[in-house]
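S.K.: Grabbed the feature section from Swiss-Prot, which reads as follows:
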- 20: active site, proton donor (ACT_SITE)
- 28, 98, 120, 121, 122: substrate binding site (BINDING)
């Protein structure tokens, strides 16, 4: 049994399989999952686990070179937006419309569905390399 790092075996496998520029999505409970994209559902109850808890856990195990957010988060979910910026630190953020975000999610290797129930609490994480 693993004793540290990502304990969720499905998420751990996806992260291990990522290549440079591959993408995953961390999503709130309501984001639609496109047909053909793997859904890893970790939602337990409304709010559990939170989007930010999952983002922090994934970030600890993943080399991230870019983040994409729906631009609507800047107005409609300012608190989560601020916290996302704090978690990702100096990783570049690209903003797109929510409709563009949903279209981009079709390219993701997986979508991790959280229990988050605040608007636009979704991000696309682009894999980097550690060398």
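Here the Cβ of each residue, glycine as well, is placed from N, Cα and C on the backbone.
Walk me through where these features lie, including what they touch and how far apart they are.
M.R.: Note on residue 20 (active site, proton donor): other Cβ atoms within 10 Å of its Cβ, all shown chains, come to 10.
In the shown protein chains, 26 other C-beta atoms lie within 10 A of the C-beta of residue 122 (substrate binding site).
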S.K.: With every protein chain in view, what's the tally of Cβ atoms within 10 Å of the Cβ of residue 120 (substrate binding site), excluding that atom itself?
M.R.: 23
S.K.: In whole Å, how far does the CA atom of residue 122 (substrate binding site) lie from that of residue 20 (active site, proton donor)?
M.R.: 21
